[in-house]
Amino acid sequence: MNRLGRLPLPLPPSVCLFCQSRATTPLPPSLQATRSMATARLRRRVARMTLSPDVAKPSVVKKTRGDKERFGPFAGMNQTEARIRDKPRTRSRAAQKRSGEPEEDSQKESPLYKALKMQTALAPIPYGRRAAIKAKIADITSFDQFQLLPVVRNSISSQALPGLVDVTPTPIQRLAIPRLLEEPKTEKKPTKADDDEPQYDQYLLAAETGSGKTLAYLLPVVDAVKREEARDKELEKKEQEEKAREREEKLKNRAFDIEPEIPPLSNAGRPRAIILVPTSELVAQVGVKVKALSHTVKYRSGMISSNLTPRRIKNTLFHPDGIDILVATPHLLASIAKTEPYVLSRVSHLVLDEADSLLDRSFAPTTTEIISKAAPSLRKLILCSATIPRSLDNLLRKRYPDIKRLTTPNLHAIPRRVQLGVVDIEKDPYRGNRSLACADVIWSIGKAGDAESEGPYASYVAPKTKKILVFVNEREEADEVAQFLRSKGIDAQSLSRDSDARKQEEILAEFTEAPPPPTPDEILLAQKQRRHEDAIPFEMPQKTNQDSSRRLANTKVLVTTDLASRGIDTLAVKTVILYHVPHTTIDFIHRLGRLGRMGKRGRGVVLVGKKDRKDVVKEVREGMFRGQALI
């Protein structure tokens, strides 16, 4: 109370009553959902799961003024163009659409590849550049046009590509072999400013699956190894002559004061070239090709992986006669390099096969460590892959800005000779049973006749066994699907990281080695046996088998994960079934890339369910039909 005995009046509140009541009242659910949807942002896909848009674009960095940079008080001096603040702005696309006017300098976007662009899984290379590359390599039609050593050139048809009548280089081989055979004109002298920059040449080989990338880098590497071996022999001969002269002079001057000779450094465990691959299965496959060329070219090669015993790895790498070309996995080679630092002291050529995997998060630290240790003697770094993700492209532009990019016209495309079919598992008779749909497709393919003729002696040769690959997304489902297929009378096996190493080699051998054509002796024996059966007047007793009607004959199925989707040369496979829709178009390319190799035809089948992206499958199928890159 004041002096007059009255109560003071309350002060007016700083916030009105309407605002106070509005703050205490919660928003209705419909408005809350609207507000949350309005503030939500679309998340960008991970860079390692999306392909780069500018694979063939050179790494040229242009300095541009940032949008947030403000002009100072003296920014108007020495200007050739006036910056008028009230300059009329161009109308936005939304305003033009509302007014019904056509957009300026823009073309109507085709609805094709809409879903793939939303995923940003594949990215384009301009088709003008593709046409220029085609015109550039059109004149190269034979391996004789390459500046290879005669012994290397003669070994291509006999060792690298046996059994082929028409031996012609593929597009990536026409691009890569001449560039990789080039010798550096002048060697770089390291300066203080260029200490961090690599002093070796870098190459990126980007080509579609099954295009012969292995032979594209292997032939120049073998050629360089043989040339370097010849140079070393000449230098060694000169050094021995000089040492002999010095020894004679010392003997004349000081007959009793002779210094002990220093033994030369052994070449054991010091390869000239190293090929790194991500898996032990690829080590075996690439190692066989390297070994085949060594029979005629004469060099020492070896392969090491975790599937081999320590004694065999030691005998292969540290052979007293030395080693020229080594095929290995990064983790095993890095562990050996920690205890034996001289392993990487003589490497002149380093190849990263499946570079998108070797420079991913799991392999990047180990691979980078190997490159840095081999850098003092390294002359050429070669990276090759069928898919170039954005993460790899950004890494190359940052770390190797001067890398030479050799890309083929059909990069990020699936060959047109591969047909893609779609099976909706939600319809009758499957009703959502994906395993039942897979078994039904395999039975249909197994019962159907082979489209390719076996030649004039087809009736005298045993029927060809059909090989089918089934890809699943999860490792645990490989065994489950294989067990279900076996219960339906299908000869199915599973292959994953959980499988035994020896079992993996045996299984892959059945699906990677194509059976050779029948020899004349086999044809004559089959003819003789058939004439003998036709001459018997009565019917021969046949083997009775109760389950013969429930078994699918002449068909073998391999249920696997992405373990067999990269680099495995599955020449014997003509059919691939995608049990699940792949997560990205990168997986689409690698899984369907097991087909159409060496110019052969193939067929792919995708099982599509209720929750799968049917729009992505549709656009991939249309892109394959058009023969375009999956953009």
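Heads up, the Cβ atoms here are built off N, Cα and C, so glycines get one too.
Taking Swiss-Prot as the reference, the stretch among 141-174, 379-412, 481-514 described by the feature motif 'Q motif' is residues 141-174. Residue counts for the region 'Disordered' (229-249) under DSSP, helix first, then strand, then coil, are 21 helix, 0 strand, 0 coil. Applying DSSP to the motif 'Q motif' (141-174) sorts its residues as follows: 18 helix, 0 strand, 16 coil.
Broken down with DSSP, the motif 'DEAD box' (353-356) shows 2 helix, 1 strand, 1 coil. Listed as Cβ neighbours of the region 'Disordered' (229-249) (distance under 8 Å, sequence separation of 6 or more from its ends, same chain) are residues 272, 299, 324.
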